[in-house]
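Please read the structure below before turning to the comments.
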Amino acid sequence: MKLYNTLTRQKEEFIPIEEGKVKMYVCGPTVYNYFHIGNARPFIMFDTLRRYLEYRGYEVTYVQNFTDVDDKIINKANEEGITSQEVADKYIKEYFVDADALGIKRATVHPRVTENINEIIEFIKDLESKGIAYEVNGDVYFDTKKFDDYGKLSKQNIEELELGARIEVSEKKNNPMDFVLWKSKKEGEPGWDSPWGEGRPGWHIECSVMASRYLGETIDIHAGGQDLTFPHHENEIAQSEAKSGKPFARYWIHNGYININNEKMSKSKGNFFTVRDISKEFDLEVVRFFMLSAHYKNPVNFSDEMLKQSESGLERLYNAKDRLEFLIQNGNGSLKEEEKQLKEKLNEFKQKFIENMDDDLNTADAISVIFELVRFINTNIDENSSLEIAQSAYEMFKELTGVLNIVNKVKNNIIDEEIEKMIEQRQIAKKEKNFKLADEIRDKLKEMGIILEDTRQGVKWRRI
Ligand SMILES: Nc1ncnc2c1ncn2[C@@H]1O[C@H](COP(=O)(O)OP(=O)(O)OP(=O)(O)O)[C@@H](O)[C@H]1O
Ligand SMILES: [Zn+2]
């Protein structure tokens, strides 16, 4: 598989450190609100990368953190008169409600900053003992001048960066590009004891610490939104590599933005839709399908209209699934001579799907292949086909949609029973020559998207 690596600015063949295993870290949410559609993009896309790697036989250890200590969380806690921990606990719970509905698999570990304070302190102490970190009145800074490779991810050199940077009045650092590792406690903030007095970790240090704690000093894939490239990921590299002397992550993968009117959707701009709000209008599988319909690096303009298009696209896939289930329920016989070629052709769709996914996770083209497969099935497999070919088509459809984790809702049996009952009533009406009632029932079923077919074996039904 090829992946676009921000570190080298090119698509590269993915080769894991340890054969058959992938160690992957994704920067998770800061938990002070429901997450928005923009935040959902990395969660969905990197979940898909993980699922695809697993499909290809890798054992993936996937770590996604929760930032549960942060200015925004503290502000929210103070506004609401509750503790930071209460704010974080609430939104971590809500994160899982939405993530589950988006079909995002739970990470192997979902570490929180507050569970890693000792590890963070030890990490900073190590940097300090190596002379790479320095303390000023209870704050500890990373000395960027001591790390030669600073700027290698965002391809900026430190002198240029310094020209654009300013030191805030509240900061006491030596150089403009130095960044905080530990902040001394201020009034109304949570704090932990440390060699530098009571305080809390800066933002960047948490990911270096959690990645090394759960995955080791060098990991395979580090991922996040494009906005994290600088300074967050640049600083993660500086911290981790200065401490270990080894490369931190081999592949850096960044997703593009979800925009509103060509502007990045973000909480601070107020131009956002939370996934929770969208869930009131759409099944969240539609949002997953919408995300997968674009390549993860391309910018995407979000609109209600786009979601509606995704909804009808997904509906077409469900119809194809229902049709195949109908054919399987009613089919019989093994592969006919003339179907052998069809079966081979089914495998070609799988090959094309894999080719696209192997090309830097091109889910957009992979979905087009699934639609081609559906068209192929609809034109070549019907009531006259053998059960075996219908089953093979169904298995292929399930395999490819399964990799993307879409179209996996099971049919609602209660609804099926209701439909069967209405069909029975219609049969009785016909027998009693009450054609008006029979037609009414048929029309009502049609409104529900159910098509009746009179066959020699009796009345059969399918969804449109
Ligand atoms: N509009 C967007 N499109 C794509 N990814 C985004 C967008 N906004 C944020 N992200 C990503 O969402 C993930 C979660 O980050 P986090 O919870 O810190 O959100 P954030 O960056 O604070 O959001 P905001 O920019 O709205 O304040 C990060 O990987 C971030 O890069
Ligand atoms: Zn991070």
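Residue positions begin at 1 at the first shown residue.
Cβ from N, Cα, C; glycine included.
The shown structure was predicted, so the numbers you read here are calculated from the model rather than taken from an experiment.
So that you can see what the record holds, here are the features copied from TrEMBL:
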BINDING   Cys27, Cys207, His232, Glu236  Zn(2+) binding site
MOTIF     29-39  motif ''HIGH' region'
MOTIF     264-268  motif ''KMSKS' region'
BINDING   Lys267  ATP binding site
COILED    328-355  coiled coil
DOMAIN    352-415  domain 'Cysteinyl-tRNA synthetase class Ia DALR'
For the binding-site residues Cys27, Cys207, His232, Glu236, which sit with their CB under 6 angstroms from an atom of ligand 1?
Cys27
The motif ''HIGH' region' (29-39): DSSP-derived helix, strand, coil residue counts:
3 helix, 2 strand, 6 coil
Please identify, from the binding-site residues Cys27, Cys207, the residue with the sparsest Cβ neighbourhood, meaning fewest other Cβ atoms within 10 angstroms.
Cys27
Which one is it: of the binding-site residues Cys207, His232, Glu236, whose Cα lies the shortest distance from the Cα of Lys267 (ATP binding site)?
His232
Looking only at the domain 'Cysteinyl-tRNA synthetase class Ia DALR' (352-415), how are its residues distributed among DSSP helix, strand and coil?
46 helix, 1 strand, 17 coil
Listed binding-site residues with Cβ under 6 Å from ligand 2, out of Cys27, Cys207, Lys267:
Cys27, Cys207
Return the average pLDDT for the motif ''HIGH' region' (29-39) as a whole number.
97
Looking only at residues six or more beyond either end of the motif ''KMSKS' region' (264-268), which have a C-beta under 8 A from one in the stretch?
33, 36-38, 227, 257-258, 302
With DSSP as the reference, give the number of residues of the motif ''KMSKS' region' (264-268) in helix, strand and coil.
0 helix, 1 strand, 4 coil
Tell me, by DSSP, whether His232 (Zn(2+) binding site) is helix, strand or coil?
helix
Does Glu236 (Zn(2+) binding site) have same-chain partners at least 6 apart in sequence with Cβ under 8 Å from its own Cβ, and which are they?
His204, Cys207, Ser208, Ala211, His222, Phe248
Hey, for the Zn(2+) site built from Cys27, Cys207, His232, Glu236, who else sits with CB inside 8 A of the CB center?
Trp203, His204, Glu206, Ser208, His222, Gly224, Leu228, His233, Asn235
Tell me, by DSSP, whether Cys27 (Zn(2+) binding site) is helix, strand or coil?
coil
If you draw a 10 Å sphere around the Cβ of His232 (Zn(2+) binding site), how many other Cβ atoms fall inside it, taking every protein chain shown into account?
18
